[in-house]
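*Asks:* I have a structure I would like to understand better, so I am pasting it below and will then ask my questions one at a time.
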């Protein structure tokens with residue numbers, strides 16, 4: 001059964017560097033713990049994995065922020081660690097401790113055993129993508145996603161989140177051959193995973209390189225960027241409805257390497273809050289009618305802990321920092337998708353998110369009419 005036509009394509013237009021009536025926005029982790037309705041769904045599901053592996057719950061939770069806020073895109077509710085879980089590493093979430101993998105990949109034997117998994121093990125994700133597309137009924141586009149090869153490797157070597165990345169960096173420097181083997185398998189797995197999401201109905205896909213910024217210059221290019229490029233080279237260009245599927249790459253802490261990332265085969269580069277939007281636009285945003293990258297970001301998520309009046313001020317600063325919006329509908333030009341610089345804090349009052357969304361839409365409309 002074909003999916004409903006899209007009523008709001010502002011996000012996809014901005015990804016393609018096409019003019020929009022306002023700056024579109026969505027928020028990293030927009031479906032999450034800051035929403036009381038998410039907490040209720042999670043309680044019913046019994047656990048995070050109970051939510052993520054249930055088509056019905058994943059659909060319900062993905063749509064929750066859209067019921068509250070007029071966001072311009074939905075993002076699949078899932079977790080980047082479903083991929084190593086499918087590789088047989090055993091994902092679990094202990095209360096208050098974050099994700100853990102039961103098995104780690106740190107030596108020749110465990111690296112030799114690593115292989116691209118059968119995507120049937122992730123069928124629950126692809127079924128959720130199709131279910132969410134149907135439930136959205138054309139309201140806004142659906143973004144699929146994966147962790148980057150490097151970010152997944154961090155968890156696969158460390159076994160959990162890390163403060164210093166001692167184990168994964170130690171392996172990278174002492175046995176780069178093993179690290180490259182892990183990353184090559186991860187890249188081919190991520191590509192297959194994202195292609196299956198596209199086949200299921202994802203209208204854009206995003207690679208989260210959440211830990212790329214912990215790498216040294218040189219190491220970033222060799223161990224993160226090269227393998228993100230390997231993923232992008234394998235991705236399908238069109239979705240189930242025949243439209244192109246924009247590709248987004250977000251590297252937390254990646255501002256120093258924007259010029260390197262300009263060569264990536266993607267339409268959009270995500271920025272964290274340490275990046276200067278004006279500088280990024282000048283470096284990679286391109287000119288009207290010419291090639292370039294759309295930019296996504298990059299307000300500090302903790303701005304949302306401030307009173308609404310302060311949030312409005314900060315929103316305006318971000319929009320002003322990007323500079324004059326592209327308005328010529330006859331050609332492409334520099335475009336901006338508003339987002340946070342990383343995931344939303346669980347302590348964020350939902351009313352503050354409403355203030356941010358309203359401020360982005362109203363101020364960016366005024367910019368175009370001014």
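Each Cβ is built from the backbone N, Cα and C atoms, and glycine gets one as well.
Dumping what Swiss-Prot says about this protein:
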type	residues	note
BINDING	29, 30, 31, 32, 33, 79, 155, 210, 342	substrate binding site
SITE	79	site 'Transition state stabilizer'
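Walk me through the surroundings of each of these features.
*Replies:* Sequence-distant neighbours of residue 79 (site 'Transition state stabilizer'): residues of the same chain at least 6 apart with a C-beta under 8 Å from its C-beta are 48, 52, 91, 99.
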*Asks:* Just name the winner among 29, 33, 342 (the binding-site residues) by count of other CB atoms within 10 A of its CB.
*Replies:* 342
